[in-house]
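Annotation source Swiss-Prot lists compositional bias 'Gly residues' at 204-223. The feature SUMO2 cross-link is assigned by Swiss-Prot to Lys90. Marked as domain 'RRM 1' by Swiss-Prot: 29-111. The feature N6-acetyllysine is assigned by Swiss-Prot to Lys97, with similarity to another entry given as support. Look at Swiss-Prot and you will find 223-301 tagged as region 'Necessary for interaction with TNPO1'.
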Amino acid sequence: MEDMNEYSNIEEFAEGSKINASKNQQDDGKMFIGGLSWDTSKKDLTEYLSRFGEVVDCTIKTDPVTGRSRGFGFVLFKDAASVDKVLELKEHKLDGKLIDPKRAKALKGKEPPKKVFVGGLSPDTSEEQIKEYFGAFGEIENIELPMDTKTNERRGFCFITYTDEEPVKKLLESRYHQIGSGKCEIKVAQPKEVYRQQQQQQKGGRGAAAGGRGGARGRGRGQGQNWNQGFNNYYDQGYGNYNSAYGGDQNYSGYGGYDYTGYNYGNYGYGQGYADYSGQQSTYGKASRGGGNHQNNYQPY
């Protein structure tokens, strides 16, 4: 009964919200769980780990197209001592498979995120509306509104930079936000040097990330697959090529701000960007003149 109560408590929050809210920071209560059966559900994992302590958040990563488990996830315990209890047990078996729990290590050298990418933004949303919505989370340092060079109209995304990281944590507690007339997705803008580091770490995997389903110029849904072409301040892998994030390199290096170089679970890559966008892809236009040279330093998760 106690385990079920603990599970019901975490249902009050969006799955993974507490884990994602501090993804780039060390938290002694967080664990990475690899080697999961594709049949293992969030409930199964939570109930199993609850015997070691109260679980306050749990998420299993899935392929955005098929919905199939990628074979790994993250869990957050209320008490860091629970992590030690898990690690004291040398062997863990769930749904007929040996699973691989490890401490979640924040990537070294990463600054707390202060900049977010907002995807799915209606070009009709005024700058004042954007300021009003995002300003409610904290003090804004800068807003970047990229333009389409051909139409001279706003593109369907923007970047928000805050003066500190706390507003970003609050924003990430919910993946989707209703802004103006559209439902938008929020992602952290990742420094380019960290992205490069992750790519170097992943070279030993089963092919490059762009060699996934369809590759960088592979199967797309309309123009959405290439909406970053010409927006050269950002990596194509993160914005334009939704299919490039599937398959290919299976290392866990850098997933969600954690370093798991060399762990090759599952048959799906976890991607570098917006692999999970669907119907809104064609909204984002074609080319852009960007929004300032400081954009050169970022790449979203």
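A Cβ is built for glycine as well, from the same backbone N, Cα and C atoms used for every other residue.
Of the listed recorded positions, namely Lys90, Lys97, the sparsest Cβ surroundings within 10 Å are found at Lys90. Put simply, Lys97 (N6-acetyllysine) is 14 Å from the residue listed as 'SUMO2 cross-link' when counted between their Cα atoms. Per-class residue totals from DSSP over the domain 'RRM 1' (29-111), listed helix then strand then coil: 19 helix, 33 strand, 31 coil.
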